Every structure is written in structure tokens, then in C-alpha cells.
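Undergrad: Okay, here's the structure, questions in a sec.
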Amino acid sequence: MTFGNKLCFCLNGTSVEIDNPDLDITLLNYVRSIGLTGTKLGCGEGGCGACTIMISSYDKTLDKISHISANACLIPLCSVDGKHIITIEGIGNVKNPHPIQERLTLLHGSQCRFCTPGVVMSLYSLLCNNPNPSEKEAEKCFMAIFADVLVIALYWTLQKREITCKFETAIILKAEYPNATLVSGNTRIGIETEFENIKYDVQIYVGDISELKSWEFKEDGLYLGANMTISHVQAVLKEACNYYKPHQIQIFEALSENLNRFATNQIRNISTLAGNIIANSSTSDLIPLLLSSKSIFSLTSLQSTLKKIRPIPSVSFWTGYNQDCRESAEVLDKIFIPCSNNGQYVRAYEQSKRHYGARAIVNAGLSVLLDHNSHVQEAFFAFGGMGRAIVRASNAENFIVGKRWGDKNVLEQLIEILYEEFQLSFSVTGGMATYRKILVIGFINKFWYDVTKSANIATLSPDIENSIGEIKRSISKGSQTIGRPDELDQTEKNYSYKLLNSKDNKIVGKPISYASAMKQSTGQAIYFDDIPKIEGELYGAFVTSQKAHAKILNIDPTQALNVPGQIIGLLVAETKKIAQEAKDLVKIEYEELHYILTIEEAIEQNSYFPMNPQLARGDVEKGFQEADYIFEEHFYLETNAALVIPKEDDEFEIHSGTQSLASTQGNIARVLGIAANKVTCQVKRVGGAFGGKETKCFFISMALAVGAWHLKKPIRYGKILAYDLKFYLNCGGTTDVSMLVAQCSTQGFDGTYYIPNVRFIGYPCKTNTHSHTAFRGFGKAQAVFITESMLTDVAEHIGIDVNELREKNLYLEGQKTPYIQTLENWFLPEGYSTYTNQIWVAFPLLFLNQAGALVHIYLDGSVLISHGGIEMGQGLNTKMLQIASEALDVPINTVHLMETATNLVINATSTAGSTGSDLNGYAVHNACKILAERLKPYCEKMPDKSFEEAAYYDRVNLSANGFYKTPDIGYDNEKDEATVYPYYTTGAACSEVEIDTLTGDHLILRTDICMDIGRSLNYALDVGQIEGGFIQGVGWCTNEQLLYFPNGNLYTTGPDQYAIPGARDIPQDFRIYTYEGAKSSNIKSIHSSKGIGEPPLLLGCTAFFAIREAIKAVRIPAIPERVHIACDDEIVSKCKVEKKDDEVLWVIEL
């Protein structure tokens, strides 16, 4: 059988033909290789959405163009034959933006926004499928029309291009290549080939075979084509619920409801029914219900020249872990789901770490058939997450048959049987053995009472009735209340445009849009990986140790060197793909040594780094004597990367996504043994950092510099009287900046509370994990959390309300901190006593509090500025433009900002600790004031003329360097006084949560945040930082766990394992209040503003303490497992799985 070798498709309205395409390349790799870099590579596994594009194709059965959003990182290039691909570049640009891009910019929807193009394309695809929006969505009409114009232009082209691969062709190929893998959405195989190095020699693409995508309503049930996508299945199930009688749709309703939690829209649009069935995941969202419904699978193969069809009941299809009953030539082509019988009840349950798009911990498909006397005729209980495959509770099924549903004694006996039926080991795959058993009991309880109510067997009490379903979430809403009103109406759509084009140059404090928001929304903002490849450029890939602690006995690079490249610790090759493949061929022989992973192990083995940061005040022992009571990952989407370009005279140009250019420059110079003046580092913007790019980027850029050096080519009373605390940090294998984190922690344990006698001692633990670094807050969040936990414990012990205890111990103005700084200009918002925080804004190391800037004025009156800060999404560049505009009294649209580079501003301090605007803002301001003074005589003489030209002809320097160092800070040893920090950013928050005591799930019903942000430089940006920082803090306290396998390998390597908050995890009602403190004019900061990057993070723990208040005891993070176990009821005690002598946890939390 012969096939063509030409790939034909349309890309943004242009026909594309590719001869002999690379079968392994993804659509993302292709579009980026031809310069369409607006589509970003984030996680590479379909979890983040940064690579979202739209695929349009002609649907012959419906006779229309269909549009789907999809993850380009998973779509094989060859699968787009005959389709139309639309990327972010295809819908608009900076000069002519699409309305979605325009509104996202105007409404401040972009901050770091590395993923903004993906957000835009998701909305675009949604609107393309909704051409009839409501009147309230009037502007969206234009969006839909625009989309139709773009795709209908190619309507006839797509319609005429018939898909030649039929189902008969597929089974012929499967017979000829029995070991071939069938591919459609590529959601599983794409990840296996990319991250697990699994090779599939023969792949058959079946994604466009119409026979496998058809469906049919029959009298007894629903037939679904095996290759229907999950989103397509959802639509058909919705139709089925309207087509069949109410008693027949139990299974369809349960499936439809359950699939709402299945991954993301992009994954649902390409992931198929057959793919999920064949994958046989132990936590599949489909399989438990397919089992419970007694579905039947149709297997088709070619026997000689005859088609053979074999129907297999779903209960017989799977034969074990990753095994099923298919013969090698058989293809799964149809799934039959029978209608529910009269008296049958089917429900689906699932619990995961967040409310959607996360892998299930345990799920269930439960079915029961009752007679007219409520006796059970048939039962089917299938559970996922209780072993290596989906399992049935056969003993429980057999027991319940013949029993009367609704009898409480029967329920108690049923639960006892389930306790015994699921005997999980302590080291069960996925961990959380006790919690998994708890969830089984919780789901059965929910199902029992739900059926009891639905079948009108008994009337339930309100408490039980409320526990039946999962916590329901309403549509999110929120408000932002600004303490100081602006002159213009901020609700107007074009408010940002008015500001940008306003003749009033008093622009500081106005909420103008993020400076590069439109570039980000249109995909034209350039990040590191978007820099075009340089001629002769090579790629580097690290060869990393596979052992936590071992002696390397031998390195054999033989196989790797057969691939073009050179092994030098860093493996360098001609392409990224070759480098990544070759590094895995390096054979390393180890002698394994004893390793330490956790803080507990480090304490036990006295493994510490030699410094112990500590802070003390007063007499702790005396304080205890007088007391009445004594109590004894970074998730940025743009990953770390660098490009090193060797130049003449041993000069190097470095492009690095770093928070610290000067340190990157100095480290590379030291590694290469050259002077720093030969190393130029530059960065335009960074796609998120949160502290993770302050030092971690050094390893990459230094290694690449070494490679470039050798190869000469570029390479890519309630009163607390005393507080004594010892705290431990897991630093990993090196100290990195852990000592500074420890020091910041010692100065953060006081929080907002005055405690006269304190002693804080830090112990940096040396372990055999990878080196750890700072996160947003630099240890302050952890310190505050520990203190708040202490206050909560104390309040419970002495029997008072924790808020009363907090209020009695709050700092008052004039009191001194443990580091002997007197609190001045001190303000805490009143009326929000649930939780307060204060964060100092400056570096604890005095020499770091400095910054520089360079400003040029050209003859046409335009201004160019450069500063030493790094734009990471916090809006730093936008604020610098505002400061320069007002200082020079020129329109903001005449000011342009240059990328940050070490040859423009030298010795720049890292952008961290919320200091970016304070330090760099004053440096820009000072440079502008120098120029303003130089120009002042000319402005006065010729106010309506070009005073820039006059100054130039008068030989006045129109360039100025600005420098700033934070004044009046440091220690006075003679007076024993200190002003370590110039001011504090203070705030308060209150959160209300609802928890499900049967599953441990929770929902944040409402959060109110009030923050004193001084005289804000830009309210819109600051509110965005408050909202984002708070949600990040919520994730840290509730969702996120850093987990390692017992051998030291990291388990939580991507969004599939590491669950950051999603859209349904934010507060249902989210209210922000900003306040200008009464004494903000006394603050020694640029325009009396306050740093706002880190402080909101600390407020995120209000969600945790609200959960704790509901159950009284739980350990951070308050993931569902801990929430339920902390309830400590009878179910927990009976489900507890004890550790045996030879067992270890499946994963370990550091």
C-alpha cells in the first residue's frame, strides 16, 4: 500500500506544502521554527495552555467547519493534513489587534503573561463556536464575524480536500503492522516520547477517520465511535439526556458530569474515547463508569480478506495493569453504552487536589438497581486510584444484593466490608493509602444517601442532604476598591488609551495598562526562546546524576558521541532534539552512598551547614518564668534558559532569563577567567520568576559559556511574653541563597506582633536533594505561617478567640522590632482582624540597596531610558515609564524603554524583595531630574518650541546617569539602634471557606483583602499583584506539594503532578481594598509608593487558617487528604494504614 509524502494544510490563511515531513515533529516545533514564536512552549505536556492554537477542519457529517482549541506541543505536525491552523499571529497584531487582544490589554489582563497568547487563542476558539452571542456581548459579535471571515475563506478548499484514510485502510495497516500504535490526539504517546524516551517505530494516524467519529442513538442505548474526542462525547451525552426518557439517562448524566472535570478544554478537544480506554489509567475518569454501565466494546480486525467484529463486555476487556484482551491486529472502533433501567441509579465521584484539570486521587463509578420495594437487584461499585488498575468492590457488591436500600444497619455492614476489601499497602502507588480508603467510604456514603433521596426511600436530615453532592461553586465575582479616586472614570473601556494619549503628564499613580501588554496579547513580545537561531548555533543539554548521593566511578559517552555533539559535562549538539536524545545515552557507573532527603533525617544525622542565623531580644528564660502558659516550586511558565554568543577578543554576549544580570555577568567572567568588561548580559523581559531565577539561572549560563568558549559557537492575655524558636531549612546539596533566606526568616517571625522576649535560631540542613533556592517572600511567608500557627495553638489551649489574641499582641507605633528598629509611619488597616501582615521592603544586606539608570533625550523630543531592574510581569517597566514621563514633564507615549543590559547599567542589584520600583524608580527619577535641570533654562525661554534642539546646539549633554541608594538605613552601633528597612507594607485579610467532611475538599467562599500600598504608582498593576500574590499563597498553603521518590528523584516535575490553583480554586467572591496610609507622605520611597510584590503572598494563608478553624488541626499544605484526616472521625480511625517494617512511602514530602 502506498501513500503520498506531501503534507498540505493552511496556516493563518496561507497554504503550506511540506515534502517528506519529519514524522516526530510537533506542530509547536514547526510553527516556532518558521518564526511564529507567539505560540509558547511552557510545560510540553498539555498542562499549562501556553501553546494553545486553533484547528479548523471541515466536518463532513455536519457539513460545517469545526473549530477546536488544542495544545500545539502535543499535536503531531502530520496530523494537520487538510486542516487550517490559526496561531496568535493569525488573528491580530499590535497595530491591528483583534478585539480579544485589545480588551485583554485595556482591562489589565496581562502581567508576566508568558501564556497570554494561549489565553487569547482559547477565547478566540470559544467565540468561533458561538456566532450568536447575547446583546450583552455585543463586541463579541465582531470577534465571531472576524473568525468566520478567516476560516470561511478556505471553506471550499477544506471541503474539497477529502481525507483518503478510511477505516478499512486502518485495519489493513494494523494487520500488516500488528505492533503499530494508533495515534489520534497524541496526549499520551506525545508525553511518553518526549519525557520518557519511549519509541514507537510504526504509528498509524486515525484522527480523521469519520467512521470512528460517528455516533447513533438506538432504542436500548448509545453507540459512540471510539475515536470521538472527549468534548465531542460530552456534546453527544447532552443530546442523549434530551433524547431518552428520564429513567434511561442515569449513566449519561453521570458520564457528562464527570467529564466536566476531565483535563482542560484543549485536551478534551483532542483526547479520544479509545485513547483513554486503551491507556487503562488507574485513575481514568471514564473506565469506572463504563464498567458500572456494562458497556460493550466492539473490536474489528482483518482476517485474511474478511472483516471480523468481536464484541467484548467492558468487564472482560481489561485483563491487568496496562493489559487488555485485544489481539494484535484488532482495532477498537465502537463503544455501546446501554440506557439505564427503571429503578437504576448511577453516580460518578472524584477527588483531586484541585477542582478541575488535576489527576484524580480516587474516583468511582457506582451503580445500583432497586426493585419497587427498594431491595437491591444488582450493584456495581468500581473505583479508580485503589491499585494499579481500576478495581471492583466485589465483596460489597455481592453483600448488598437482596438487601433493602435505606436500612442504616445495611449501610454500616456495607462500610465494614469495604474497610476489609481494600487492603492497601503503606507504599501504595500514588501514596496516601489511608486517605484513599477514606474516600471510598466517603463516596459510598454520598451514594447511599443520594439514592435514598432520589428513590424517595426516606427523608434526609439537612446535614446529610448537604453532604450528598460535591461543593457547588457559583460564578466568580470580585471588586477592587481604590482608596484614592482618580480624575477619569476607570470603568470606561478606553481609559488606558485616554491616559496614554493624555496631554496631562501627571501620569504617576494612574492605572495605565502594562507597557508590553499588547505585545504579549498578540504574541509579539520576545522572550528568551523566541530569539532567532544564530548561524552555527549549538544546543546544550545537561547530563544529570540519577542518584541522590553517589560516587561517580566511570562515565562512558561512547553512544552519546555517535550522535553529533561533544560531551563536556554539558552535552553540546547541533540541534535541541539531538542534544536531548544524546544526553540520555551517556552511561554513568555509580557507587551509591547513604543519602539524606528530609529535614528530619538531617536533624537525626546532624547534617548542617556551618552557619546558624539567629536573632534575640530580651531575656527569653525570664519571659517564660513570668508566663502563665508555656508551650514546647516555583511555577513560572518560561523555564530557565540562556544563549551565549562568543565574539571577538574573548567577548561574550549573554541572553539569560535572570533576575540578576550583574551576578550572571560576574559568575561567567570568573568561570571563563576573563574580565567582566568582556561579558555583556541582557534581558528584555522574563516570563515569571518568583525568586527561582535569581541564582538557578547561573548554572545554565555558566555551563553554556564554557561550551561556547571551547567551541567558539553560540550555545543555548492574652499577651505573649516570650517566643523561643528553632527552625530548620532544607537547603539541598549547596547553600545557594539559603543563608539569606534564613536571615530573612529570623526577622520575619515577629510578624505584626510585639513580643518582648524572643530568640530565633536557624539551622540550615544539608541534604542530598538538588540545591534549593528562594521563593517569593524569601522565607518570610514560612516564618509568618509558623507564628500564626503558634498563636492559633495558644488560643485554643488557653480558651480564647485567636483574633482576640492577635489584637492584644499587635505592634503599636513607637515599639521596636527584635532587630531594634523603631516602628514609624506604622499603619494596620482596621476592621479586618482575622489576619494581618507586615513586610519590610529593602534588602537586609546594606550594599544591595542601590540602583542605576541611563536616560537619553533625542532631538525630536523622544526619550530612551534603561534601568537595572528586570521586568518579570510585575509591571516594573510600566512604572518606570510613568516616573520618567512625569519627571521630564513629557507625554508617556514619547518615552521608550530599552532592554536591561550590563553594558548600559552596571553592577545592578537583583530584582527581588519587592524593591524593584523603589530602587530603579528613584534611579530613573534622579537621571530625569538631572536632565530636567539642564533643560530648565531653555524650557523657560521657549516653552512652545523645541528646547531639546536649542539645548543640543548649545552643547548641553542630553544623556544622564541616575543613581540611587536607599538613605538612612543601617545599624548605629553606638546608640544600639537601627533602621534596617525604610518602611513596611502592611495588610489584612479574611477568608471564609466551606469543607466537605466526607472527602476533605474545600471551597473559598469569600476573601476580603485590605492593603496599605502608599501612593501607588499604578493601581491597576498593584491590584493585579495583590490578587496574584494571594492566590499563589493559597496554592502554597492548600494545593501544592513538592514530592520526591524515596531514591531522591523528584516526582512533581510538571503540572500533571504539581497542582497549582486553577480558575475554580480562586475565592468565589474576591474583594480587594487598597488604602493610602495616613502617614504615607513620610515614606522615603519613590512618590511615597510601597513595594507590593511579596506582601500579598503571606495573606494567602488565611485560606489555610479558615480550613483549620473548621477542623481545628491540620498541617500545611491543607490538601484534601490532610483536611479529612484532621477531622479524625471513626472513618479515619478504621481506614488508617499502618507502616510495616519493610515499607517506605511511595513519595516523600520535604
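Including glycine, each Cβ sits where the backbone N, Cα and C put it.
Taken from TrEMBL, the feature domain '2Fe-2S ferredoxin-type' covers 5-91. The [2Fe-2S] cluster 1 binding site annotation in TrEMBL covers C43, C48, C51, C73. Per TrEMBL, domain 'FAD-binding PCMH-type' is recorded for 149-342. Per TrEMBL, the feature FAD binding site maps to L182, V183, S184, G185, N186, T187, R188, I189, F262, D285, L332. Annotated Mo-molybdopterin binding site per TrEMBL: Q659, F690, R776, G913, in sequence order. The substrate binding site feature in TrEMBL is assigned to E694, F778.
Explain the structural surroundings of these features, please.
TA: Note on the domain '2Fe-2S ferredoxin-type' (5-91): its mean pLDDT in the predicted model is 91.
A coil conformation is recorded for C73 ([2Fe-2S] cluster 1 binding site) in the three-state DSSP classification, outside any helix or strand. With a cut-off of 8 Å between CB atoms and residues at least 6 apart in sequence, the same chain places T26, L28, L41, G42, C43, G44, E45, G46, C51, G190 near C73 ([2Fe-2S] cluster 1 binding site), listed in sequence order.
In the three-state DSSP scheme, F262 (FAD binding site) is classed as coil. In sequence order, I230, R268, S271, D285 are the residues near F262 (FAD binding site), counting only same-chain partners six or more apart with C-beta under 8 A.
DSSP assigns R776 (Mo-molybdopterin binding site) to coil, not to a helix or a strand. Within 10 Å of the C-beta atom of R776 (Mo-molybdopterin binding site) sit 23 other C-beta atoms, taking all shown protein chains into account.
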Undergrad: Measure from the CA atom of Q659 (Mo-molybdopterin binding site) to the CA atom of S184 (FAD binding site) and give the result in Å, rounded to a whole number.
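TA: It is 41 Å, counting Cα to Cα.
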Undergrad: Any idea what the Cα distance is from Q659 (Mo-molybdopterin binding site) over to L182 (FAD binding site), rounded to a whole Å?
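TA: Just about 45 Å between their Cα atoms.
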Undergrad: When you tally the Cβ atoms that lie within 10 Å of each candidate's Cβ, which of the binding-site residues (C43, C48, C51, L182, L332) has the highest tally?
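TA: When each Cβ's neighbours within 10 Å are tallied, C51 tops the list.
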Undergrad: Using only the residues recorded as binding FAD (L182, V183, S184, G185, N186, T187, R188, I189, F262, D285, L332), report the maximum Cα-Cα distance in Å, whole number please.
TA: 22
Undergrad: Counting distance between Cα atoms, which of the binding-site residues R776, F778, G913 is nearest L332 (FAD binding site)?
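TA: Nearest candidate: R776.
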Undergrad: Same chain only, sequence gap of 6 or more: which residues have a CB within under 8 Å of the CB of G913 (Mo-molybdopterin binding site)?
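TA: Non-local contacts for G913 (Mo-molybdopterin binding site): F778, V841, A842, F843, G1091, G1093, E1094.
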